[in-house]
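Participant: Sharing the features that TrEMBL gives for it:
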DOMAIN    5-119  domain 'Response regulatory'
MOD_RES   D54  4-aspartylphosphate
DOMAIN    201-334  domain 'GGDEF'
DOMAIN    345-601  domain 'EAL'
Amino acid sequence: MKAFTILIVDDVPDNIDVLRKVIAPLDCNVSVATSGERALTILEQLVPDLILLDVMMPGISGFELCRLIRKDARFKEIPIIFVTGRTDDISQGFAVGGNDYITKPISADEVIARVQHHQERHQLLQQLRTVNGELEERVRQRTSELVTANKQLREEINERRYMQDRLRYLADHDFVSRTYNRTALESHIADIISQDAETFAPVFYLSIDLSRFRVVNESCGLIAGDELLSEAAERISTIAGHQAFVSRLSGDSFAVVYPTSEREAAISLANLIHSEFENFTFNWDEREFDIGTTIAVVQIDDSITSFDQVLMLADDIMYSAKRDGGRCVRYANDLEADDARQNNRQNWALRLIDGIKYDHFRVFFQQISPLSTTACGIRLEALVRLYAPDQDKLLFPDSFLYAAERYQLIADIDRWMIRKVAEFMSHNPNITNKIDNVALNLSPSTLRDKYLVNYICDTLAQYQIDPRKICFEVTETEQIIHVSETSSVLQQIKELGCSIAIDDFGSGYSTFSYLREFPFDYIKIDGMFAREVEHSESSLAMVQSILDVAKKLKKPCVAEFVENEALATRFTNMGIEWGQGYFFHKPEELTVENMQKCLVGVQECMEPH
């Protein structure tokens, strides 16, 4: 029997070394890939028995690599364990086809337990296939002896059937909960959706999230977490009954497909399950944990066309329920009566995924113009747009940013922008040499990415971009201000040589202490004040206050939304160093022709008359 083979995919060599040392006692063959592209090349040469896959990687991310692997029939059965430090990644990992996950920082016991489980499962499957093959051969050999060996043959056939049943069971059941697994759930729903219109019977889908599973898992260990899942599965299955299809969807999530067309019956079942867990206390090592549930109820009718659509509907409802506190039952109509708006959000998610995959995003730029003699140089801001092939037009960020945040795609878009801007600057050195600074936006979600600084460093090094030419703009939001790690991340970015700007300052979470506590180089005054400064004394006072504090801190300011000459003159007289808006420059797509035209215009304005 050949040795168990593991493929480790991670762009950080230290992470690979740690995993190799941890699994060394398991006597496995280990191959490594430091990128998604390299992993695909290796898969053409050997088929591993298990893949340990990092999530955040430059180029092809862990999620995208998992999608590509699952599309290839040769690799569809390879177990994939995601290695991630972000709990938000876990559900997305299961959604793209992952089988399991390991949390960072890595626990040696957890890694060994996860890998050993898949190693033992692999060995059992190999043994079963060997026995099955041997039995088939024995059946063929003894067909001629059927009369004399009839009893023995029947026993062997029964043994073969048992082995086949075990193989089928292992293929479509979850090892921990002993319920159906995600693959079986997808197949079951596909069968329901594919029914003829005349025979189609609507059913209801219940998505069930356990609360406090993570607390149990992290405080009591993996075995306790598995025991909780097992007990939860048993309770759900008992209440749902034999007619229901019960499945473990992901880490702490279960699904129930309930064969009824009656909304009241489905909600009644959801309420029964919810009540059961409200009264359920999980005991482990003399500790007690109150376990609750949040349940989303979705009807699978003839408007549903795919398993992904069902998951997206349920996820939308679950998100709304948890935003309101969780531990409740919520039905689709409770979330939103307007189905068109509901479908629109889901369509946006799919459109954004395609946009990242097929490069439908576009980079635009807008000049930031000097207003004072102390401000000099050519500064630009890079702006993102999304091309919609079905409409043949470009869409502005306010159309898709909510969906990008909602479906955790905003960090992927930010990374796409960083890479594309660096690529343009690298391919056009004559233009890049004339530009002093290009500003790129970073969302709160992106700043929470522990690999962000490494990605920026690696990308700038790959394209040989001087970090001093890059400025990262951070929008002043509550998520930024109240994340303790933000200042550390920004400081690390500054240490690379990049500059930092606080964007939309004054937009609602402002205290001037933030300007001292966070390592910002520029302050961009929120455009709301720029629009109102000529007509509102309070807006004028706010701008003046920000400017006064900025001057004491020796931080230059940028006025946004400067749309006419009067505003430009007003801000110049106030002493604001930079201005940005349609009066100076309307955003254009980042092309060589547009950049050359812009640079000529800037140089003409800078020449003395």
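Cβ atoms are placed via backbone N, Cα and C, with glycine included.
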Participant: So what's the mean pLDDT when you look at the domain 'GGDEF' (201-334)?
Facilitator: 90
Participant: Tally of helix, strand and coil residues over the domain 'GGDEF' (201-334) according to DSSP?
Facilitator: 63 helix, 39 strand, 32 coil
Participant: Please list the DSSP helix, strand and coil residue counts for the domain 'Response regulatory' (5-119).
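Facilitator: Grouping H, G, I as helix and E, B as strand yields 55 helix, 24 strand, 36 coil.
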Participant: Write out the long-range same-chain contacts of the residue listed as '4-aspartylphosphate', meaning residues 6 or more apart in sequence whose Cβ is under 8 Å from its Cβ.
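Facilitator: Those within reach of the residue listed as '4-aspartylphosphate', by Cβ under 8 Å and sequence separation of 6 or more, are V9, D10, D11, V12, N15, G62, F82, V83, T84.
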